[in-house]
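Listed in Swiss-Prot for this protein:
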type	residues	note
COMPBIAS	1-21	compositional bias 'Low complexity'
REGION	1-43	region 'Disordered'
ZN_FING	58-125	zinc finger
REGION	159-213	region 'Disordered'
COMPBIAS	163-201	compositional bias 'Pro residues'
COMPBIAS	202-213	compositional bias 'Low complexity'
TRANSMEM	236-256	transmembrane segment
TRANSMEM	290-310	transmembrane segment
REGION	319-345	region 'Disordered'
COMPBIAS	321-331	compositional bias 'Gly residues'
COMPBIAS	332-345	compositional bias 'Low complexity'
Amino acid sequence: MAAPASDSGGSQQSPSSSPGSREGAGVAAKGAPDCGDAGARDAAETVSGLPPLEDYECKICYNYFDADRRAPKLLACLHTFCQECLSQLQLRAAAAAAAAAAPERPPRPPPWLCPPGAIACPVCRHRTPLPDSRVHGLPNNTKLAEAFPLALRAAHDPLPQDRLPPLPARLPAPAAAPPPTPAPPPPPSPAPPQPPPPPPAEDAAPGPRARPGLRAPGAYDSCQNCKRAALTAGCVCVVFSFLSMVVLLFTGLIFVNHYGGGGTPGGGAPPGEAPATGSPSPSPVGPICLSVASILALFSVVVTWVICWLKYRPEGAAAGSTGGSGGGGGPRARAAAGGARRSDT
């Protein structure tokens, strides 16, 4: 009979211990709402059958995988990293191997150093052989590559690798066109048809005022092209005139010395004496050549001065001339001219 009593006592103690268990259940019930969101997220993930968003990024550079230079490469240890990070690890391993082979007694290689045809996992140090000693030969993680949401990546990644997301802000632009439609309300008032003409006159007035002050980029380029063409033509004219002057000068001197007067070459007839009957008559070619040479020399000097003036004149002078022609830009032109003088000094 003692055993049943003990059993009954045990059965009586179990109800007595129920308040504690009830308190534990209450604490668990209080903690349950805190982790309700996490449970809902886990449930959503398990229902969807897709890995969490953290699995779509490389654990080395924390960039999302893509189909180009950050392709998800699967190692033999089933760890996944992007192709670019694995390539950097391979290059560093090759550099460390070259540095270790230089001394006579090479030090102990680091744990991540592998043969040229293998790469060590940054997490577990497991060595994975590289096909053809290239990271490109590693297989891709097809589960991540096929299930990766591109739209989600474009929304979360501040610097997407493939392309920028489309700009939907331009779509409402056509909707901005309806505001001009309220213009029809003015027609119902036929009495004031004259007020509308003055606004166009006021709008047209600022146009001519702004024309002298502003210059379109096309006009500036055409002006620069014309100036460059004028300088080139002037330089060609100066060179041609100088060469022609030299040739004509030598030709004129030769004709004057040899055919300037009768007698032997190089000496004319003495003054006051008539030329001999057999002597050649003086040729006018020499004086003509000398005259043309002098004219060409003067022309070369003038053109050279004009070219130097056009090329080296200060911009303030041009601004002052344009401002004076515009009429309303006097103070601005003076300020520009003063700034140009200060910059020249």
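Glycine is no exception: its Cβ is also placed from the backbone N, Cα and C atoms.
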Beyond the flanks of the transmembrane segment (236-256) by at least 6 residues, Cβ under 8 Å: 283, 285-290, 292-294, 296-297, 299-300, 303-304, 307
Beyond the flanks of the transmembrane segment (290-310) by at least 6 residues, Cβ under 8 Å: 227, 230-231, 234-235, 237-238, 241-242, 244-246, 248-249, 252-253, 256
Local confidence of the prediction over the zinc finger (58-125), expressed as mean pLDDT: 80
